[in-house]
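**Student:** If you scroll down you'll find the structure; I have some questions about it.
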Amino acid sequence: MSEVHAHTVAFVRTSEIPASPPPVAEAGAVKWIKDNLISGPFNTIMTILGILVVAYLLAGLIPWIANGTWTGADIRECREILQGSGGGCFAVIAERWPQLLFGFQYPDYLRWRPTLAFVLLFLAVPPALFVMFLPRWTLIVTAIYPFVAYWLIWGGTILSPIVAAVGFLVGYLVFTKVEKRGFVQGLAAGIVAAVAVWWIGGVIAEEFSRVGALEVVESRALGGFMLNLILGVVCVSLSIPLGIVLALGRQSKLPIVKGFCVVFIEFVRGVPLITLLFVANVVLAYFFPPNSNPDLIIRVIIMITMFSSAYIAEVIRGGLAALPKGQYEAGDSLGLDYPQSMRLIILPQALKISIPGIVNVAVGLFKDTTLVSVISMFDLVGMIRGPILSSTDWTGVYWELWAAACVLFFIVCYGISQYSQWLERQLRTDHR
Amino acid sequence: MAMADTNPQGMTVSDEVAIEIKGMNKWYGQFHVLRDIDLTVQRGERIVICGPSGSGKSTLIRCINALEEHQQGSIVVDGVPLSSDLKNIDKIRSEVGMCFQHFNLFPHLTILENCTLAPIWVRKTPKKEAEDTAMYFLEKVKIPDQANKYPGQLSGGQQQRVAIARSLCMRPRIMLFDEPTSALDPEMIKEVLDTMIQLAEEGMTMLCVTHEMGFARQVANRVIFMDAGQIVEQNEPESFFLNPQNERTKLFLSQILGH
């Protein structure tokens, strides 16, 4: 072998090779087209086919939008204006816009209340979503928001939401005081304190039901996209904490806790959401104490929350399983107890890994809120399917209405998806 | 390898007992990992534990802070008996520092937060004070300038030194090292060993599972050789390396020192 080498093996570098910029590659639009569109016969054919499909779709879509009309009181007027030009009859959206948003039973002179609640949502959500940029005290706004929103949308005395909020506050304060003796004792004491406040406060609120009273709106009057948003926001914010608890419970060493969580998760995942909604509609009332007949919307919230929390629990379990065992051991070896090491070490990392999965469930949940239309709730889909399409004014205007529903849902879901991608980038700590 | 000259045998070893293990046995299922372990560690003693892989040396030191459960025998750490009582376990863990082969830093926290987490939450130290302590120990391991970076941005050697500083922030009276240099590039082993030597010179009670025989000669008062879950031989480093008694020890030493 050694004869092959003409020179000797020994080598000593005497001068450094200076770093130089990489060679300039062929660049520009021409190269991009060459590489991506017409790099071979097969790709060229696919490119042409693709262009044809896009052109065909646009040829239908563009005149439909461009020639469409936004005025007209009913479908006949629409047809007169359009004169067979192939445009869409968007007048239905303009005319029924308030119904699409609020449903057909919400009193129109009170629509400013849910609208205000919606605007306030944009004040309440950022502190929770952008914790790392906003001062922590702004979270107070987020914490107060649910009670204000409830008061605005449903009306009634302001005392009820205040009592509810005070109950949570007292419960939390008692929890932090007693927590030093142990997490479980703290939790139990906190719950007892909160229930006591609610019980006493409930009596007082009933006594002074005229204090700060807004006109009451029944739950069954809620409808339209507002109902989807209420269900979506409430169920997502409830099912994430519940999902975390279920995921941790499933890992528990206590057989009863573990067994309960496993059975709950497996049962809920094995049942279609729509059956749970029918159960909510008819059967669930039997499980509540007599004389209390909780609103249909509360029963629906319970069912959707149960459903999505089981899915979120499984997503988070994946995140927990992905953490190296060393993280648990490091927490243990420093003397952190279970709640501390979960809260400070395990969950922040597991949740970060689980973000894509949680967002997936959240987006799915938000879209699944349209299923309530089958139990005769008039959400956006229920409104379109029921009162609007079956009215003689607008019968047969399918495309425009369903397109409007798609656009509304798409805006929200795309927003959620973009936020989650941004969040993932923010939480990346390895290569910064 | 004539490091024995620098062995600081003068370092004080008090009569006080730091760890006492008596008749300890442990099984993984049917597998008998630790067999009749008896070990008494004086305060200020520095013990190196070596042995082939699977001999139970890591398991032994992980039993001392209850990362592993033992089924038989007793372990008393700093006068606190290790039982299934969670209070005792937490007490022992906050007195005993531990460094792992893979550092196990918390990747979502900065170096400084890694170091202040346990003092703030376990010891209830005020944040400012915990940060001062953390900076003191980070300076000691010579990386105060990295305090606001994340573990992922540091080299292996730096990460292990942070891990040592993180343990020291709890002011432990005993330090356990579980193969602290095994996952490091050769160039980084020295910086970690230097930190450990410095710690030994300050009189810390240390139990190190390591194959760094140079380190053993330089700082250990005692070297323990384990095989098949038993303590096979223990002696002062000098005699241990120059005059091993057991056949198994001789074979092991010839294999790790013979090249």
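Each residue, glycine too, has its Cβ placed from N, Cα and C.
These figures come from a predicted structure and were not determined experimentally.
This is the feature table in TrEMBL:
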- A:225-420: domain 'ABC transmembrane type-1' (DOMAIN)
- A:45-66: transmembrane segment (TRANSMEM)
- A:116-137: transmembrane segment (TRANSMEM)
- A:149-175: transmembrane segment (TRANSMEM)
- A:187-205: transmembrane segment (TRANSMEM)
- A:225-248: transmembrane segment (TRANSMEM)
- A:260-284: transmembrane segment (TRANSMEM)
- A:296-316: transmembrane segment (TRANSMEM)
- A:353-378: transmembrane segment (TRANSMEM)
- A:398-417: transmembrane segment (TRANSMEM)
**Student:** What residues elsewhere in the chain lie close to the transmembrane segment (A:116-137), defined as a C-beta under 8 angstroms and at least 6 residues from its ends?
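**Tutor:** 144-145, 148-149, 152-153, 226, 229, 233, 419, 423, 426.
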**Student:** Sequence-remote contacts (6 or more beyond its ends) of the transmembrane segment (A:187-205), Cβ cut-off under 8 Å?
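**Tutor:** For the transmembrane segment (A:187-205), the nonlocal Cβ contacts are 157, 159-160, 162-164, 166-168, 170-175, 177-178.
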**Student:** Counting only residues 6 or more past its boundaries, what in the same chain has a CB within less than 8 Å of a CB in the transmembrane segment (A:149-175)?
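**Tutor:** That would be 110, 113-114, 116-117, 120-121, 124, 186-187, 189-195, 197-198, 201-202, 204-205, 208-217, 219, 222, 226, 230.
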